[in-house]
Structures are given as structure tokens and as C-alpha cells.
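Okay, structure first, notes after.
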Amino acid sequence: MIQPEKLTKWLSVGLFVILIGGLIPSLFYKEQWLWLDEVLSYLLVSDPSLTHMNDAIVSGMDANPPLFPNLYWLIGHGISLNPIFLRAVSVLLFASTIALFYRYVTSLIGTPVTNFVLITLIVSLTYLNVTLATQVRAYAVFLLIGFGYFIALQRLIGAPSRISWLLAQYGLGLLLVFTHNFGLFYVAVSGAFFVVLWLWSGQRTYLLVLATHGLIALSWLLLWYPEFAIQTQAGKPHSWIPLPTVTSFFRIAGELAPTLSAKLEMKPGMLTLTILRFVLVVGLFAYIAIPRLRKPFSTIKTDPAFGLYLLSGWIYIGVLAIAVGVSLVHTSVFLSRYLWPSHLLLVYQLLYAWYALGGRWTVWVFDSVWVRRAIPVYALLLVGFLFYQNKKGGIPFTDGIMRYMPQLDSRYPVLFESAHYFLPIWFQDKGVNAHYLLNWKTANDKDNILNATVEYKILEAVRNNYHINNILPEHSLAHYATSHFYVIDESNRYQVEDFIRKGSIRVVRQLPIDLPGHRILECVIAH
């Protein structure tokens with residue numbers, strides 16, 4: 001009989017192998033396209049100069065703090081700048097986070113096999129994990145640091161005066177806010193949690209934890225706020241993210257939870273299922289936590305598993321609430337990928353609820369002899385499932401607008417109205433002479449979509465920092481004066497229509513395509 005500690009160790013290694021075994025090989029078989037944000041990250045990370053890269057970060061090219069690009073710059077220039085390698089680094093960070101998470105929570109609650117099965121099921125069935133773990137973006141770093149930060153907080157519940165954990169919480173909190181701007185929300189909500197603990201317990205030692213929260217905020221203000229203020233200019237006059245609605249709230253919160261089919265839940269009439277899942281999570285938290293909160297405060301300090309459960313529910317709900325509140329009163333920022341660290345908190349809530357509500361039978365279900373013998377087969381099935389999930393993902397337009405590029409005359413430039421089309425195509429398909437026209441008047445037009453102004457400022461910064469001449473200044477329509485050119489006209493964007501209306505551009509013909517919301521126009525400059 002293997003000892004639980006040794007079994008936990010081996011299963012954590014197995015979990016790590018499952019995740020990298022399913023996700024990394026699939027990187028070679030899926031579409032190799034980087035999407036817009038990944039191209040921006042790659043431009044920064046591949047910059048020959050670390051100093052110039054950090055200047056570019058603050059120029060409006062990216063809206064995130066500097067830890068991720070600096071880390072990946074060192075990794076990329078030290079080992080390889082191949083985009084697949086950099087994506088694999090993200091997978092390794094993600095797999096490490098989940099393996100460490102499994103080992104830690106198993107030391108608090110449950111049995112190794114049951115926790116292994118439940119955690120792998122939840123993680124594998126949450127499609128957001130597959131999409132974010134395989135990107136050249138900050139999300140995998142954010143998840144790993146977030147996990148460390150949550151553990152430091154959990155330890156401080158029981159030992160608020162422990163210097164080592166106070167230093168760890170300060171250091172990890174600082175890394176968190178320097179990895180992603182949503183780190184500020186996590187620090188604010190955790191600070192509020194310890195305010196409640198201080199008021200409830202009357203123990204002044206919790207003021208030490210509040211002091212480290214204050215130091216994190218002060219350090220961020222002194223070290224990064226001036227640069228942050230510059231970055232926020234890209235989000236003016238408005239954010240590109242739509243304001244949250246009741247429907248979008250439940251859909252975005254639902255993306256943090258497991259589902260049998262993310263695509264199915266996007267269909268009309270399936271919102272009820274998403275709402276019920278969120279209500280179930282919050283309802284379970286209230287049902288389990290409230291009776292325990294009626295007991296003396298000392299029971300929380302002496303029960304680390306419940307302390308982490310209470311912390312998880314508080315931060316999960318609190319960060320959602322802050323993100324919605326900021327979106328409604330200031331700038332819309334409500335996206336599931338910004339909330340990814342909350343997925344770990346949700347996994348723990350579901351795991352804790354399994355044991356709290358199920359009693360002894362929950363252990364028997366997954367710890368029987370036949371289940372243990374089936375673990376290798378189960379692991380292989382998970383590898384195949386993750387491989388398939390990642391392989392089928394990719395940039396949607398590769399099966400859309402790119403199908404029509406070969407029929408265009410290669411001598412003529414192609415003008416894209418969307419940065420989401422232009423930048424990935426310019427970066428990866430040199431067979432398309434892709435261009436983008438900077439035009440603030442049309443970008444800020446009331447008939448244009450929210451993305452247009454943000455894309456204008458991002459691509460203006462890209463042109464200024466990396467001298468990409470395919471991004472044309474506003475006065476550069478004359479660039480096309482001697483030739484025909486194509487315009488990929490999207491119905492939800494307003495640019496070429498303005499030039500046609502003013503008579504600056506004349507449409508020679510419209511090419512036949514079967515792609516809703518799109519036209520390919522062959523144009524010339526009107527003389």
C-alpha cells in the first residue's frame with residue numbers, strides 16, 4: 001500500500017505529464033496563427049533591446065504591466081524565440097500551477113485519488129484553461145503567481161504575525177499587480193477579507209497583513225502608476241469591451257467553470273444552464289460557509305481547509321463584483337480571461353463541497369481498487385481529450401476570410417479595416433500584401449464599433465515603435481494612387497464607406513464571397 005504522501009507526489013507528477021502531454025504536442029498540429037494580442041506580445045518579446053521593449057510597453061502597444069514581457073524576453077533570447085516554444089513555456093507554467101495546486105489542496109482535504117480525479121475533470125472540462133494556457137500572453141504567469149498569493153493569504157489566516165508569510169504575501173502580491181492589472185482587484189478584495197477578519201476577531205495581528213496590503217498598493221503607485229496612466233490613454237474615449245449585461249455576466253462567469261460543451265452553452269435558450277451553474281456555486285458556498293461562521297472565530301484559524309474555502313468564496317465573488325462595478329461606473333474591463341486565477345478558487349470550492357456534502361461515500365466512489373487500477377487508462381483518455389480540445393482551437397478567420405485571399409491579384413495591396421485581421425495576417429502570411437490605414441475620424445465615428453479607437457492607438461504605437469510601414473498614416477491613401485487595391489470591408493466597421501461617400505475611393509468591382517458581414521472590394525483612388 002503506497003503511503004498517501006508518496007501517492008500524492010506521484011499523482012501530481014502524473015497530472016503535470018497529462019497536461020503537457022495533451023497540450024504541447026497539439027501545438028504542432030493546430031493552426032499556427034497568433035491572434036492580435038499574441039502578435040503584440042511577440043513583437044515586444046522579440047525586440048533585440050530590452051530597454052526599447054520596456055519603452056514600447058508604455059507607449060500604448062500593450063495595456064499590461066511589465067513582468068510578463070520581461071520574463072519571456074529573457075526566456076526567448078536565452079533559449080528560443082520560436083512562437084511554438086513560447087506557447088509551450090505557457091503550457092509548462094500552467095501544468096506546474098495545476099500540479100502544485102493539487103499537491104497543496106490534497107495536504108488540506110480529501111484523498112489523493114479522489115482529488116486527482118475531481119481536479120483533472122474540472123480542469124479538463126473548463127475550455128478557458130486550454131485557450132489561455134497555450135498563448136504567448138501573461139495569463140499563465142498570472143495564474144501561477146495568483147496561486148502562490150492565495151496560499152500565502154491562507155497561511156496568514158492562521159498565523160497573521162508570521163514574518164515569512166508576510167514577506168511572501170507582499171512579494172507575491174507585488175508580482176501579481178506587476179503581471180496583470182486585475183492583480184489590483186485581487187489585492188483589494190483580499191485586503192477587505194482581512195479587514196473583516198480583524199473586525200470579527202478583534203486580533204490586532206491582522207493589522208500586519210493589512211500593512212502588507214498597503215505596502216503592495218504603495219509600491220505599485222510609486223513604481224508603476226505613472227506608466228499605467230500612460231497606458232490607459234489607449235482606452236480613451238472608451239474601452240473596447242462592451243458593458244456587462246445580465247446575460248454577459250453569467251456567460252463570462254460561466255467560462256470559469258467546467259462544462260460538457262462550451263459551444264452548446266452559447267446557443268440561444270442555453271443561458272438558463274449557465275445561470276443555474278453559477279447559482280449552484282454561490283449557493284453551495286453560502287450553504288456550507290454560513291453555518292460554520294456561527295461558530296467561534298478560533299475554529300477558522302484552526303481549520304486551514306475551511307479557511308481556504310472561505311477565502312476562495314470571498315475572492316471569487318468579490319473580484320467578480322469589483323470587475324462589474326468598475327465596468328459600469330468607469331471603464332469596461334469584464335472579461336473571463338482577466339479573471340482566470342479565480343478558476344483555481346472555484347476548483348477548490350467544488351472540491352471542498354464534494355467532501356462537505358458527500359460524507360464517506362465520496363471517498364469510496366474514487367478510492368476503490370478498480371478506480372485506482374483504471375487511473376492509467378483515464379490519464380491516457382485525458383491526454384487525448386486535451387490534445388483534441390487544443391487542436392480544434394485557433395483563430396476563427398483562418399477558415400473565413402483567408403479562404404478568399406488566393407483569388408486576389410497578388411500585385412495589389414489588401415487594406416484591412418480590422419487590426420484583428422491585419423496584424424496576424426501581416427505577421428504570418430507574407431503572401432498577402434496586408435495594410436492598415438490609421439484614420440482617427442472614422443475610428444471615432446459613432447457608427448463604428450468600440451474596438452476601432454483602441455485598435456487605432458495600438459497600431460499607431462506599433463508603427464511608431466517598430467517602424468512597420470504597412471501601417472499607413474491618415475494622409476497615405478495616395479500610397480495606392482498608381483494601382484488597384486482591395487479592401488476587406490466588414491459590416492460592423494466604418495472606414496471605407498467614408499472614403500467612398502466623399503469620393504476619395506472608387507469601387508471597381510465587388511468580388512463574390514460567401515462570408516456574412518464581409519465584402520471584398522477592388523478599388524482605385526478617385527482622381
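A Cβ is built for glycine as well, from the same backbone N, Cα and C atoms used for every other residue.
Unlike curated records, TrEMBL annotations are generated automatically.
According to TrEMBL, the feature transmembrane segment maps to 7-29 (among others). With a threshold of 8 Å between CB atoms, the same-chain residues lying at least 6 positions outside the transmembrane segment (7-29) that come near it are 84, 87-88, 91-92, 94-96, 98-100, 102-103, 106-107, 112-113, 116, 119-120, 123, 130, 133-134, 375, 379, 382-391.
For 84-105 (among others), the entry in TrEMBL reads transmembrane segment. Within the same chain, residues 8-9, 11-13, 15-16, 19-20, 23-24, 27-28, 32, 42, 45, 72, 75-76, 115-116, 119, 123, 129, 132-137, 139-141, 143-144, 147, 151, 308, 344, 347-348, 351 sit at least 6 positions outside the transmembrane segment (84-105) and bring their C-beta atoms closer than 8 Å to a C-beta of that stretch.
With a threshold of 8 Å between CB atoms, the same-chain residues lying at least 6 positions outside the transmembrane segment (112-130) that come near it are 4, 7-8, 11, 14-15, 18-19, 23, 94, 98, 101-102, 105-106, 255-260, 262, 336-337, 340, 343, 347, 350-351, 354, 362-363, 365-367, 371-372, 375, 378, 382, 385-386, 389-390, 393. The transmembrane segment annotation in TrEMBL covers 112-130 (among others).
Among the features that TrEMBL reports, transmembrane segment is placed at 136-153 (among others).
According to TrEMBL, the feature transmembrane segment maps to 174-200 (among others). Only residues 6 or more beyond the boundaries of the transmembrane segment (174-200), in the same chain, are considered here, and those with a CB under 8 A from a CB of the stretch are 63-68, 138-139, 141-142, 145-146, 149, 153, 156-157, 160, 206-207, 209-210, 213, 216-217, 219-220, 223-224, 228, 297, 311, 314-315, 318-319, 322-323, 326, 333, 338-339, 341.
Note on the transmembrane segment (206-225): residues 65-66, 156, 160-161, 166, 169-170, 173-174, 177-178, 184, 187, 190-191, 194-195, 197-198 of its chain, located 6 or more positions outside it, place their CB under 8 angstroms from a CB of the stretch. Among the features that TrEMBL reports, transmembrane segment is placed at 206-225 (among others).
Feature annotation from TrEMBL assigns transmembrane segment to 270-290 (among others).
TrEMBL lists 306-326 (among others) with the feature transmembrane segment.
Sequence-distant contacts of the transmembrane segment (338-357) (same chain, at least 6 residues past either end, Cβ-Cβ under 8 Å): 97, 101, 105, 109-110, 114-115, 118-119, 122-123, 126, 128-129, 132, 139, 142-143, 146-147, 150, 180-182, 186, 252, 256-257, 281, 284-285, 288, 305-306, 308-309, 311-313, 315-316, 319-320, 323, 363. Annotation source TrEMBL lists transmembrane segment at 338-357 (among others).
Residues or ranges marked as transmembrane segment by TrEMBL: 369-388 (among others). Distant neighbours of the transmembrane segment (369-388): 14, 17-19, 21-23, 25-26, 29, 113, 116-117, 120, 124, 130; these residues of the same chain sit at least 6 beyond its ends, with a Cβ under 8 Å from one of its Cβ atoms.
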Tertiary contacts of the transmembrane segment (306-326), as residues 6+ beyond its ends and Cβ separation under 8 Å: 105, 108, 150, 153-154, 157-158, 182, 185-186, 188-190, 192-193, 244, 249, 253, 281-282, 285, 288-289, 292-293, 299-300, 333-334, 338-339, 342, 345-346, 348-349, 352
Surrounding residues of the transmembrane segment (270-290) on its own chain - C-beta under 8 Å, 6+ positions past either end: 247, 250-251, 253-254, 257, 259, 264, 309-310, 313, 316-317, 346, 349-350, 352-353, 356-357
